[in-house]
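Colleague: Here's a structure for you.
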């Protein structure tokens, strides 16, 4: 594919195009108005776009199914051997950059798939925000898993397995609940078994990405493009809240069960740095979606509004829980109060009767 792509690129201007296709793209709306632009795309340019899309998908696959396990393993070996060599440090940095690049390409692919009708231009500030967002998120996630696995080796497999299976089966459960027909238009030459294998590989990649960071492209098996084109802020908010709580819980367990090797490490400071690092990743994510997203004008609501509404829902749930507890306490107290009132009335009635009897006898 690489040789074919270079051959098409260098021979594109020498060979005359036998035919061209016309594509229509809409510009980003300005003052509420948008324009549609027609563009002629030659056969060579179309093939180059296909190759570029394939290379982007291959970089995502290589990053999360190749570089991510490699980075985790190398960092784990460094902790066990209590030594960080220069060569191993270089390999870990390269693996981290590979994962961050794969996550960045995943973000750009998701944007272009969701907004395929628009002419999308990603600015350098957006690339910088995505790079910082993914770097903090992935580095802290890998460090938390490695630290937890260094003291609780058996339990880390359970944590990883639960995360992986949860994200792997989530698209299938959502597809089953939607009661949509089985997708048959992925590839005409594929049988039903082959389509199922392709979908399983897609959900496998989806689970591998979500193990380390938020996948910008959400798999939706009921959609013809297999990608959800709706911007679900609540799902993203829940993911980051749960992931932050999980990281804090794993770091707490590491802090409790840490070995003598970590006596020379300031454990509270390390825990604080990792939590702040993950929060920094969330901060750059908010900056990207609020200010630097190339299609932010098409959002029906901003991510800050979604966060505030989510916090309002959580506040309402907490208030409702408190009110139910108070009502329960009132109900528990009311029978005792009524019993005391009945006892007091019983003690008062005999006194009134004896007073009435003494008054009648005197009369």
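Residue numbering: from 1, along the chain as shown.
In case you wondered, yes, glycine gets a Cβ from its N, Cα and C as well.
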Colleague: Choose the correct range: of 62-84, 269-291, 292-314, which one does TrEMBL annotate as transmembrane segment? Give that range.
Modeller: 269-291
Colleague: Please identify the range among 34-53, 154-173 that TrEMBL labels transmembrane segment.
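Modeller: Here TrEMBL associates transmembrane segment with the stretch 154-173.
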Colleague: Ranges 237-257, 321-341: which does TrEMBL label transmembrane segment?
Modeller: 237-257
Colleague: Kindly point out the range from 5-28, 125-148 that TrEMBL annotates with transmembrane segment.
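Modeller: Here TrEMBL associates transmembrane segment with the stretch 125-148.
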Colleague: May I ask which of the stretches 85-104, 154-173, 237-257, 269-291 has the most CB pairs under 8 A with the transmembrane segment (125-148)?
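Modeller: When the Cβ pairs under 8 Å are tallied, 269-291 comes out ahead.
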Colleague: In the same chain, who gets a Cβ under 8 Å from the transmembrane segment (154-173) while lying at least 6 residues past its ends?
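Modeller: Apart from its flanks, the transmembrane segment (154-173) reaches 145, 148, 203-204, 206-208, 210-211, 219-221, 250, 253.
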Colleague: Can you tell me which parts of the same chain pack against the transmembrane segment (237-257), counting only residues 6+ beyond its ends and a CB-CB cutoff under 8 A?
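Modeller: For the transmembrane segment (237-257), the sequence-distant neighbours (Cβ-Cβ under 8 Å, at least 6 residues beyond its ends) are 140-141, 144-145, 147-148, 150-152, 155, 159, 210, 214, 267-268, 271, 274-275, 278-279, 282, 285, 306-307, 310.
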